[in-house]
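These features come from TrEMBL:
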type     : residues            : note
ACT_SITE : Glu41               : active site, proton acceptor 2
BINDING  : His40, His44, Glu68 : Zn(2+) 2 binding site
BINDING  : His40, His44, Glu68 : Zn(2+) 1 binding site
SIGNAL   : 1-22                : signal peptide
Amino acid sequence: IKRVPRAVIYELLLWITQRVFFLIKVCLEGSGTDLQTVIHEMGHVHYFMAYRHQPSLLRAAPLSALHEAIGECFTVFSPLPAQCTKHFVSLSLNVLKH
């Protein structure tokens, strides 16, 4: 059987449930941009964790831009990708680069 080359779609999926389980599923290439995207999504998780005990009306952001602003704050104030890569290597977690 011969495999047909096809384009791989890299997408980020974030599932947030009412329980203490958060799953971020993503195809990464090991670049700094990918790391910043994951950190941005972790900002959304942090927002949800802070408001998960509130009624559903208060859990939703008043503006969708608020969620994005929180995610961007996490991205802006996160360590630089080069520093994170050094940290991952020191923890023996290999960052794959193509």
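All positions are counted from 1 along the displayed chain.
Using N, Cα and C of the backbone, Cβ positions are placed for all residues, glycine too.
Other Cβ atoms within 10 Å of the Cβ of Glu68 (Zn(2+) 2 binding site) number 14 in total over all chains. The DSSP secondary structure for Glu41 (active site, proton acceptor 2) is helix. Cα to Cα, Glu68 (Zn(2+) 2 binding site) and Glu41 (active site, proton acceptor 2) are separated by 9 Å.
Residue density at His44 (Zn(2+) 2 binding site): 19 other Cβ atoms are found within 10 A of its Cβ, drawing on all protein chains shown. The Cβ neighbour count for His40 (Zn(2+) 2 binding site), using a 10 Å radius and every protein chain shown, is 19.
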